Amino acid sequence: MRSEMTLTSTNSAEALAAQDFANTVLSAAAPGFHADCETPAMATPATPTVAQFVIQGSTICLVC
């Protein structure tokens, strides 16, 4: 049951829209760490930004 719910939720229009938004915003990201917070990077500094975009506006159960 849970695997069916996971497959359905990952293919939902909302999930795909969130992924597209995050990919569009961070399309200029470069590998490595940058000291400038305005420069997107595919390292730890970029991770909270992606999480913020994906989590904002949706409900996620961390207990399940």
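For all residues, glycine too, the Cβ spot is worked out from N, Cα and C.
According to Swiss-Prot, the listed position annotated as (E)-2,3-didehydrobutyrine out of Thr10, Thr49 is Thr49. Just one residue in Thr39, Thr47 has (E)-2,3-didehydrobutyrine written against it in Swiss-Prot, and it is Thr47.
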